[in-house]
Amino acid sequence: MAVWALGINHHTAPLDLRGRFAFALDQIAPTLHGLRDSLSSASGRHPGVETAIISTCNRTEIYCAAEAPALDHTLDWLAHSGGVSPALLRSHSYSLENGLVARHAFRVASGLDSMVLGEAQILGQMKDAVRAAEGAGALGTTLNQLFQRSFAVAKEVRTSTDIGAHSISMAAAAVRLAGQLFEDLSQIRVLFVGAGEMIELCTTHFAAKNPKQISIANRTLERGEKLAARFGGDVMRLADLPDHLHEYDAVISCTASSLPIIGLGAVERSLKKRRHRPMFMVDLAVPRDIEPEVQQLQDAYLYTVDDLASVVQTAQAHRQAAVAQAEAIIDAGVQSFVHWMELRSPATQNGGVVPLIQQLNSQADEWRALEIARAKKRLAKGEDIETVLEALSRGLTQKMLHGTMAELRAGDAEARAQTAQAVSRLFLRSHSKNGL
């Protein structure tokens, strides 16, 4: 079994390119079906391919497992889905196979590959992705094992190291940037666009500064009302946002919209109504919620997820010792996963151990079924049960030892000597070692 991964993230691709490959959670299942169909139709070698997709603000990654790798076809499929050329995607992506896939997945789950080093949110996002793959019937034994081990390694990293200490979240970074623009955050009005997990985190951090007003704009009022009620805020429909945008000093947006929901014109009109008082805006969505041209307006201070990178990395130096500890834990996890793969892979030098065990069990079951059938026939004829049991046991013994006896007699002297050593080790151990 081969495992491969293809992805883009904040290290390799700019924000606008990442936005082309962002998949909302409810899009994952049909997307996985499309990928599996594509891999299966491209080659008969991939009828049972396993797939999973992780899509967040900072990364989109495809994980696959099949009898043979198909990285090139996976890249072509992803490029087509994002409407870019394979050459462009290749220049901004990374591809990994087997043990390197495990190392990468373990680092991602542990927060070592995040923009916010040590952040815990990615672990929940990975679990959501795995549940989506399971629900789509796209997850098999190999990828399930990979991700379950990823979660176990991440848990050990967080409990055994200080990787999450001193970290500054994206939400906290937004508050810090707002504090650089406004002297007193308790005197500002803040609008949050969306009602997902990231907006909830941002609302929590801003609420701690006791702003003058908190408002939630969301496509559905019910979800927005629940969040607003927690923080004593009010709520509006997303459609009403342009009419009220000028009322807010700070706007934090993170929705799953495929197109910008706050345009240049709306912000220009709002700034005029505000008589050019500054407006602080943070766009945490991928793809963008706020048109990038807004950044050119004199009184609009627009920040994206990539702009927050320098803020969230300020405490990174304090966590280098924890990173080294985490990498050691990950190394051990990778070795364990690779060993698990080798045991199950028929591509190893002497064949996979697990497939061989399965074949031995299958052969033994055939012999057992045959001898039991013979014994039942003899019992039905009225033969003595002691005689039947003796024949059954002798028949099983002969079948189990026939191949071994034949091998001991075959080949040259050197081959017979090697076979004799193996047979002695397997069959002539002491009773205590055999557990008898």
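In case you wondered, yes, glycine gets a Cβ from its N, Cα and C as well.
Feature annotation from Swiss-Prot assigns active site, nucleophile to Cys57; the stated evidence is sequence analysis. Positions annotated as substrate binding site by Swiss-Prot: Thr56, Cys57, Asn58, Arg59, Ser114, Glu119, Ala120, Gln121, Gln125. Per Swiss-Prot, the feature NADP(+) binding site maps to Gly194, Ala195, Gly196, Glu197, Met198, Ile199; the stated evidence is sequence analysis. Per Swiss-Prot, site 'Important for activity' is recorded for His104, and the stated evidence type is sequence analysis.
Rounded to a whole number, the C-alpha distance linking Gln125 (substrate binding site) with Ile199 (NADP(+) binding site) is 15 angstrom. Residue with the densest Cβ environment among the binding-site residues Gly194, Gly196: Gly194, by other Cβ atoms within 10 Å. Ile199 (NADP(+) binding site) sits 13 Å from Cys57 (active site, nucleophile), taking the Cα positions as reference. The recorded positions Thr56, Cys57, Asn58, His104, Ser114, Ala120 include none with a CA atom within 10 A of the CA of Gly194 (NADP(+) binding site).
Here the C-alpha separation of Glu197 (NADP(+) binding site) and Thr56 (substrate binding site) works out to 12 Å. Fewest other C-beta atoms within 10 angstroms, among the recorded positions Cys57, Ala120, Ala195, Met198, Ile199, are seen around Ala120. Of the recorded residues, Met198 (NADP(+) binding site) and Ala120 (substrate binding site) place their C-alpha atoms 12 Å from one another. Taking the mean position of the Cβ atoms of Thr56, Cys57, Asn58, Arg59, Ser114, Glu119, Ala120, Gln121, Gln125 as the substrate site, the remaining same-chain residues with a Cβ inside 8 Å of that point are Gly111, Met115, Val116, Ile122. In three-state terms derived from DSSP, His104 (site 'Important for activity') belongs to a helical segment. Remark: of the binding-site residues Thr56, Asn58, Ser114, Gln125, the most isolated position is Gln125 (fewest other Cβ atoms within 10 Å of its Cβ).
With respect to their backbone Cα atoms, Thr56 (substrate binding site) and Gly196 (NADP(+) binding site) stand 13 Å from each other. Apart from Gly194, Ala195, Gly196, Glu197, Met198, Ile199, the NADP(+) site neighbourhood in this chain, defined by C-beta within 8 angstroms of the site C-beta centre, holds Phe192, Glu200, Leu201, Cys202, Cys254, Thr255.
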